[in-house]
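Summarising the annotation, TrEMBL assigns active site to 150. Look at TrEMBL and you will find 3-142 tagged as domain 'Semialdehyde dehydrogenase NAD-binding'.
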Ligand SMILES: NC(=O)C1=CN([C@@H]2O[C@H](COP(=O)(O)OP(=O)(O)OC[C@H]3O[C@@H](n4cnc5c(N)ncnc54)[C@H](OP(=O)(O)O)[C@@H]3O)[C@@H](O)[C@H]2O)C=CC1
Ligand SMILES: CC(=O)N[C@@H](CCC(=O)OP(=O)(O)O)C(=O)O
């Protein structure tokens, strides 16, 4: 059995990790890390875990944890993982960091967008960006995986094939994104109160959301040249789910079949990326509670643009599910182990 520790197990992403790993046949959770609930029973923090998890919450001592487990997940605020990690820890355990600390290769860009000084930039070069479908071979060899952000996962997977195949003009990409409120975490914030969110929809982080450089970096790798995007997220009154609608100009006239072939080239053998049938638009409800990302596209012949769409569960493929997918790859397990969760509907 692989022994796992979760720092930040009491947050929404950490809670989802507990839910998924509890059903993983090769993993045993040894450490339920928290900051505010140390010594409290985990099942009192999350009553859905009553009679399922008996353990108490522990602190965030990564040094102690590294001696007891094989893998550490950090589902904690930005900057925390980077402040705890060191060479000795990395020589003992593998780490999957769900925060953004090691996602962006250029430390100056990270510091500019996150407004924090990176405490351990020496580990950035070796960290592998854990978008499994694209970086699978590198993830298998990694000891530190930067689990991608929720919006970046959905955006990159929706756009990647068309950029890679040179079908769209990289300078014309616009991404409109929508997220349920679990994306903002469990911490109390006025913006996420029921009365602020219910019966409401609002844009936020317009032209300055921190996921912009992360998406740009990944799309730049796909395009083979620097890509700048417009990215606008919206908060919608749902618990879970991300929907992205992206627009780009086509470089030439292409048929439905040619674009479909581009998606199939990259995703036909991917279990967790489902390219939907013609004219079917992805919906968050069709992926809820699962590790799937549903993608599709439509060509607008009048404007010569392609509209790319993607839907996924922010807590699963956008966080904990992808983290487990990465762990499976790092330990040579079946990639989908623990993740064969069927979407919930309705
Ligand atoms: N929510 C989502 O959809 C996604 C989240 N992520 C990332 O996952 C990480 C966690 O997000 P999320 O679960 O939403 O956030 P939450 O606010 O729900 O949870 C944060 C967790 O971190 C713990 N924590 C906070 N501060 C400290 C600290 N100083 N030391 C130790 N533990 C601490 C909290 O403990 P306590 O409860 O005891 O206060 C809690 O367990 C973030 O980096 C986020 O960006 C990534 C993709 C999607
Ligand atoms: C709705 C909401 O607030 N979403 C969060 C993004 C989700 C998240 O936790 O960010 P990472 O994917 O980078 O870890 C936000 O906009 O900051």
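In case you wondered, yes, glycine gets a Cβ from its N, Cα and C as well.
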Listed in sequence order, residues with CB under 8 A of residue 150 (active site) and six or more positions away: 179, 183, 242, 312, 314, 318, 319
Residue distribution over DSSP helix, strand and coil in the domain 'Semialdehyde dehydrogenase NAD-binding' (3-142): 55 helix, 26 strand, 59 coil
Whole-number mean of pLDDT values that fall within the domain 'Semialdehyde dehydrogenase NAD-binding' (3-142): 98
